[in-house]
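Chemist: Quick one: the structure is below, questions incoming.
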């Protein structure tokens, strides 16, 4: 008999043995309600009002039945295979498994494998670290210090050129030209021709200045600096000042044009940030000194600034620079140098299999050195310099290690250089009607020339490896560019794999091997061996 037909009782609450719930009777209103769980989880609510019956049924979660004695007894009949499900690594699995354990395993294998190489290296060569075993000549240090103070002078020469140009721009506004009814003063053909001729003259002075800076440094390093480290630091400094001076000239050229001919649309195109220091108020010695020390290659009259200097932060970053520099020196002397020296005879005899084996062996230590150098420069040093100068924008790099192609890598690993070429080379060429391929060709050609100067001049060997290594990135970018556009994870994985293979094996290790061999052929053991063989050929030993 259903609960709805139970006769009412005079009790307001009662417990029943046939169902779990509460029964409420109200004879005065003719309402009988029963709520609870019965019939396997079906909750029935029955209302009787003035003789009318209305029943609502809802489904609730039944209480989990307690294990009976029989379920505890028959354990061997439990249904283990109760549903269809794929394997964890199958393609038709519904949930992607986590590979965190494999990542930990690879890290352990990498650490253990390199630890074995460390022990093997020490057993074979001993400790190669020697504080006094360097080839720093006194003249190299003196010339390096002299170049350190001479190179920035070209940046200050650019300041004086712009100071004269700013004075000329101020004088040209008096008397002021009559504005148009809209409040603007668009340049006439005569004014535009005068501006172009003035800019041409200013451009010639800037070009002579920066060319002299780079050419003079290159000449001194090539002929008078023997040690590659001192030569590299001097050449890097000269290239940085060269790029900064070019940015300083190009930016002030556009600001001067907007100042002389304030067309409304062009003024609106200028960044709002620049209104804090409009042209020509930015042509000051203080403004230039800040740009000289700011960790950027892009000149702006105003930069985002932080409110204060955190000296503890600066101390931590400088400590990282010192520790990583010592680590790089240790790895270079203890591990990279023996591999390079043992590769000389293989290269001389053109033993290709041995050369490939040396490249693979060199790829690990060169990658470790490069990663340490990247962190020391872009994360530690530039952040310390930005904190001291209160430079706000510290996006010096992005997650380049996840690059899905070589194009993404070159856009993200060194953003100061990328931003310079995009702002002052690529974008102006595109605005003048050049195609994307032509503008990219110009960017990589100029970058390849600078790379060859940066590597070939300090090693006194302009063999073109750095130039080709940079210039040949264009076809590799074209190959991996379709992989960047794929939405599937397999295409992105393939692009990232191609990037790492070209980066770790065919990139830096090969270049390091070639320039080290060229250095040794000119100054080191290979040169002495060749001289000894030539002497034996001219003066054979008596029989």
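The backbone N, Cα and C atoms fix where each Cβ goes, and this holds for glycine too.
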Chemist: Look up transmembrane segment in TrEMBL and report which of 420-438, 439-457 it refers to.
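Modeler: Checked against TrEMBL: transmembrane segment maps to 439-457.
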Chemist: Per TrEMBL, which of 299-317, 318-336, 337-355, 394-412 is transmembrane segment?
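Modeler: The range carrying the transmembrane segment annotation in TrEMBL is 318-336.
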Chemist: With Cβ distances under 8 Å as the criterion, find the stretch in 100-119, 201-223, 439-457, 493-518 that has the most pairs with the transmembrane segment (145-166).
Modeler: 201-223
